[in-house]
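**Student:** Handing you this structure, nothing more for now.
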Amino acid sequence: MKLCATSSEPARAAWPLSEPALAYFPDARSASDRDLAAGAYSPGVAMEHIPVLLDRCVELLTPALTRRNPDGRGAVLVDATLGAGGHAHRFLSDLPGLHLIGLDRDPQALQIAGERLAPFGDRVSLVRTRYDGIDDALAQTGVAEVSGFLFDLGVSSMQLDRTERGFSYSADAPLDMRMDSDAPLTAADVVNTFAEKDITRILREFGEERFAARIAKHIVRRRPLNTTGELVELLYDAIPAPARRTGGHPAKRTFQALRIAVNSELDSLRAAIPAALGALETGGRIVVMAYQSLEDRIVKTEFAAATASRTPPGLPVELPGHEPEFVALTRGAERATPEEIERNPRSAPVRLRALEKVAGRPTTARRDAR
């Protein structure tokens with residue numbers, strides 16, 4: 001296996017109200033707010049990582065990975081959000097000739113996935129990077145074109161399991177929320193040093209929080225805030241009681257917003273999707289699973305542009321050579337089936353979209369590719 005590189009005690013937060021299950025698109029890849037509300041997740045207790053929509057991902061990507069050989073020889077799959085390596089393990093097991101490149105910014109995730117995927121030897125290359133570092137990762141691994149990309153967005157169960165990371169509002173922990181533990185900015189930095197107007201903007205834009213201004217005012221008045229428990233208590237005071245009784249846990253939007261801001265998640269995604277599309281070979285496929293509306297809008301917009309004709313508007317016929325470079329493999333966004341949700345409740349919020357590259361400009365070979 002190749003390794004590359006780029007650049008408090010658990011405690012239940014005290015809420016006098018019950019924590020209802022979310023009815024809208026909660027933001028979690030592997031442990032949703034619905035799981036938390038149902039008691040399916042206990043801080044400090046490791047959970048089995050059940051890959052979301054695993055069979056559907058295999059169904060969509062395998063044709064691209066077996067175009068040359070039925071065992072995947074000559075094909076490269078990039079798992080841009082490696083996490084615990086659940087999806088990666090399935091593809092490597094099914095296709096004994098496949099080479100997989102796994103990306104993750106979290107060194108703990110790379111360690112866990114590396115141990116899990118070690119039996120596959122040099123068929124696996126792991127790169128520590130955000131998923132917008134695709135071009136550099138491919139250059140480091142000597143790959144010019146990719147047969148398939150898989151993106152499984154959001155926060156992982158491992159990150160939620162580790163209380164000290166500060167991602168969960170169900171346990172008291174330091175206000176951290178960094179996916180890369182070496183990154184300089186933490187959630188505590190945001191709430192304790194940013195101007196009130198900037199905190200308001202973050203909560204409104206990244207959390208779609210309608211009480212953003214009220215919350216920001218309370219934060220500035222009460223800071224410094226150092227733990228998730230302190231922030232949860234503040235949110236209970238800041239959000240009006242009627243609003244706390246509907247729409248899920250009152251902290252979910254603020255925690256989502258801070259996490260997105262700390263990790264630059266949306267900017268990274270906006271750069272990553274075009275980079276992935278540009279690296280696909282003809283016949284290659286990309287699958288993206290999003291778990292909250294902000295991510296899904298970005299994916300939807302990028303995919304719509306990729307599947308649009310390049311013929312100038314107003315012409316009555318399609319110009320030769322101007323056909324769309326990509327075709328959609330899904331009709332809009334696919335959802336998990338009731339059976340899938342029954343087996344894996346974490347799949348309830350997922351929106352899956354997929355494309356295949358069918359024509360157009362060839363992928364530009366990278367100078368560093370061997």
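Heads up, the Cβ atoms here are built off N, Cα and C, so glycines get one too.
In case it's useful when we look at the structure, here is the feature table from Swiss-Prot:
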type     : residues                                            : note
BINDING  : Gly85, Gly86, His87, Asp104, Tyr131, Asp152, Gln159 : S-adenosyl-L-methionine binding site
COMPBIAS : 333-345                                             : compositional bias 'Basic and acidic residues'
COMPBIAS : 353-370                                             : compositional bias 'Basic and acidic residues'
REGION   : 333-370                                             : region 'Disordered'
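Could you give the neighbours, burial and distances for every feature on this list?
**Tutor:** The Cβ of Gly86 (S-adenosyl-L-methionine binding site) has 21 other Cβ atoms within 10 Å, all protein chains considered.
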**Student:** Among the binding-site residues Asp104, Asp152, point out the residue whose Cβ has the most other Cβ atoms within 10 Å, with all shown protein chains included in the count.
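**Tutor:** Per the Cβ count, the most surrounded site is Asp104.
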**Student:** For Gln159 (S-adenosyl-L-methionine binding site), write down the residues of its own chain that are at least 6 apart in sequence and whose Cβ falls under 8 Å from its Cβ; none is a fine answer.
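**Tutor:** Same-chain residues close to Gln159 (S-adenosyl-L-methionine binding site) (Cβ under 8 Å, separated by 6 or more) are Asp106, Ala109, Arg165, Phe167, Met179.
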**Student:** Using a Cβ-Cβ cut-off under 8 angstroms and a sequence gap of six or more, which residues of the chain neighbour His87 (S-adenosyl-L-methionine binding site)?
**Tutor:** Pro51, Leu54, Cys57, Asp79, Leu150, Asp152
**Student:** Count the Cβ atoms, other than its own, that fall within 10 Å of the Cβ of Tyr131 (S-adenosyl-L-methionine binding site), considering every protein chain shown.
**Tutor:** 25
